[in-house]
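S.K.: Structure in structure tokens, see below.
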Amino acid sequence: EVDWFSLASILFLLMFAPLIVYYFIMSCDQYQCSLIDPLVDLLTGNKHLSDIWNKTPTLTYRAAGIYTIWVAFQVVLYLFIPDFCHKFLPGYAGGVQEGAVTPAGMVNKYEINGLQAWIITHVLWFANASYFHWFSPTIIFDNWIPLLWCANVLGYAVSTFAMIKSYFFPTNAKDCKFTGNFFYDYMMGIEFNPRIGKWFDFKLFFNGRPGIVAWTLINLSYAAKQQELYGQVTNSMILVNVLQGIYVLDFFWNETWYLKTIDICHDHFGWYLGWGDCVWLPYLYTLQGLYLVYHPVQLCTAHAIGILMLGLVGYYIFRVTNHQKDLFRRTNGNCKIWGKKPEYIECSYMSADGTKYHSKLMTSGFWGWARHFNYTGDLMGSLAYCLTCGFEHILPYFYIVYMTILLTHRCIRDEHRCFSKYGKDWKRYTAAVPYRLIPGIF
């Protein structure tokens, strides 16, 4: 059943999330990234909504062509070029991999080739920039708002198609979740793993491609625009490209691990993932680079090094914390964390069919510091991205505010699920590891 608070939240997001994205991008296009000036103009009567809307670039055939080619290219890379990176990159797990067990007891197989798709895409990008010159490296920035309309069309189309599919031809009817509330079902999704054919998995494709592959290309386009406008690329723009590039590469290097995360294991596919991955992610996760096109910031050496270290330490915590949990799970606790045998709490839980299972919750390493210390590292990296932009405008800091809300909400969701699963054993665990994100504080 859908409670009133969840329904109100969903209606709010369905109505205002697209407007939030438009407002941020419009603010940069018309108001030099000021979030206050558009409101002042509207409230004082200097401008009307129609004035702002009429100055907004419309959908163009050029943008539609660019976006269609882009998505089609990523589909080709996803479906028709089996992964070869795992054959020569030590430690990389690609190719055909199994996901987690679904609620209906299914184990889906995936063709993991995101790293390969990212490499091919970027090799072609740099080959064009340095040799072929088929298009300008600033092509993404130059068509940014027309491309926004294309991304919205795809986001709404795939979300609507996923809902229709769940009613008439679901991939697995037993993995569908109907609440009876249209708005909740549309946003949060009905089908768990909607697929077309054997390999085209909606959730994996839209989570990773086309949005995350595009992330680094978008930043490169911003850097090219800086070079075109000012004759140089600032060290702040370089930091954004490097730090976010590390994050994106980490995602694709660990794409197999991603199959065991909350997005794949628990979320159904609806507007939240479909539209969010097409629009919200590429447009709002790249605000720092967009801001730096309009307001180039050249950091002093000390500040640049400090931000770089914050981002790298955050990434180190994020990656090592996840590695510790993964190692602990794979070996069932028969491993070493920080040079010694890990500590843990024995837990048990009952499945829906009444079968009793046993599990272990680690209480040492970074997982002894806080219950979600990987999120703490993620937030440190997010803050580093924002700090590259200085302190003149609040727009670049939307990302750290959003990520703090998102990851705190994930903590609460995850812990509610774990308490329902483990009961009193979860209370023992939280007593042993009392903090969620920041040791000694929260």
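Backbone N, Cα and C define each Cβ position, glycine as well.
Feature annotation from TrEMBL assigns transmembrane segment to 6-25, 59-81, 147-168, 269-287, 299-318, 382-407.
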S.K.: Counting only residues 6+ away from its ends, which parts of the chain sit with a Cβ under 8 Å from the transmembrane segment (269-287)?
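M.R.: Counting only partners 6 or more residues beyond its ends, the transmembrane segment (269-287) has Cβ contacts under 8 Å with 14, 17-18, 20-21, 24-25, 148, 151-152, 154-156, 158-159, 162-163, 185-194, 202-203, 206-207, 210-212, 214-215, 218-219, 222, 244, 263, 395-396, 398-399, 402.
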S.K.: Give residue numbers and ranges for long-range contacts of the transmembrane segment (382-407): same chain, 6 or more residues beyond its ends, CB-CB under 8 A.
M.R.: 24, 27-28, 33-35, 236-237, 239-240, 243-244, 284-285, 287-288, 291-292, 295, 297, 299, 307-308, 310-311, 314, 372, 375, 437
S.K.: Which residues of the same chain, at least 6 past either end of the transmembrane segment (59-81), have a Cβ under 8 Å from a Cβ in it?
M.R.: 111, 113, 116-117, 120-121, 139, 143, 146-147, 149-151, 154, 199-200, 205, 209-210, 213-214
